[in-house]
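Asker: One structure follows; several queries about it will come next.
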Amino acid sequence: MPELPEVETVRRGLQSQVLKAKVAQIDVLYSKMITGNVDEFVKKLKGCRIEAIDRRGKYLLIRFSQGLTVISHLRMEGKYFVEKREKPVEKHTHIIFELTDGRQLRYNDVRKFGRMQLIKTGTEDMVPSIKKLGPEPTADKFDKQLFYTDLMKRKKAIKTALLDQTLVAGIGNIYADEILWLSKVNPQTPCNHLTKKETTLIREKTIEELAAAVEAGGTTIRSYIDAFQHSGSFQFNLHVYGKKGQPCERCQTPIEKIVVGQRGTHFCPNCQKVK
Ligand SMILES: [Zn+2]
């Protein structure tokens with residue numbers, strides 16, 4: 001599942017390829033991909049220009065002229081491709097934005113879990129999925145004190161809390177494991193048992209790790225390749241994720257994999273002791 005760094009990589013790719021492009025027509029081949037009225041989606045976007053590509057958490061916000069925004073959530077496997085019109089449409093392409101310059105912006109999704117929703121620009125904070133998002137994991141938006149206060153109200157494991165997009169936006173399974181290893185905190189630790197020092201460190205590592213992953217173009221696991229066929233390189237910077245049985249880089253203890261909140265979780269039993 002793409003997490004913040006992978007979605008940000010898609011955003012940058014789209015920005016470099018389709019900014020200012022004008023929509024001639026839209027083909028919706030799988031209507032369930034659109035939240036809301038499909039005819040309206042097609043009719044309203046026809047003739048609009050792509051003016052910007054923004055992101056909030058794991059959501060892309062494609063800004064069109066006429067004050068319109070498409071909220072796009074890639075979920076498990078959603079991908080964008082920009083192709084010449086002549087190129088045959090791939091099997092899992094579900095939405096095609098025909099551009100006036102002869103290209104097509106194609107949305108491809110093997111699992112069909114992704115969703116697009118058309119809204120008026122500026123009303124995104126009223127859309128429930130966006131409204132409930134916690135802060136972006138950046139130094140200026142991710143407040144140290146609020147993070148601590150929020151965690152002290154939670155009894156669930158810190159691993160589970162990091163995946164909860166209402167606490168902080170953008171973290172998925174890979175980066176949650178990495179952040180906790182970097183912070184030397186056991187993933188099963190109940191949030192309200194963490195010390196202030198630990199929550200401060202988790203916040204710092206979250207900001208650093210996601211920024212580093214964005215710079216590397218995200219993590220490429222299995223077949224996940226971004227919209228423009230580039231694969232990110234952050235998989236070479238992972239310390240615990242997918243490394244069960246391999247020695248911890250800090251202490252050589254074999255990395256263990258357990259289940260926390262129904263999610264596979266990697267950690268070092270020596271560096272990340274249960275308190
Ligand atoms: Zn270790």
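Just so it is clear, glycine is given a Cβ too, placed from its N, Cα and C backbone atoms.
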Asker: According to TrEMBL, HIS92, ARG154 bind DNA; so which of ARG63, ARG75, ARG111, ARG115 is the extra one listed there?
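Answerer: Of the residues offered, the record points to ARG111.
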Asker: Which bits of the chain, at least 6 residues beyond where the domain 'FPG-type' (239-273) starts or stops, bring a Cβ under 8 A of a Cβ in it?
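Answerer: The answer is 156-157, 159-160, 163, 173-174, 176-178, 180-182, 184-188, 221.
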Asker: Could you check the binding-site residues HIS92, ARG111 and say which one's CB has the fewest neighbouring CB atoms inside 10 Å?
Answerer: ARG111
Asker: Cβ distance under 8 Å to ARG263 (active site, proton donor), same chain, sequence separation 6 or more: which residues?
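Answerer: Listed in sequence order: LYS159, THR160, LEU163, ASN173.
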Asker: Are any of PRO2, GLU3, HIS92 (the recorded positions) within 10 Å of LYS58 (active site, proton donor) when you go C-alpha to C-alpha, and if so which?
Answerer: PRO2, GLU3
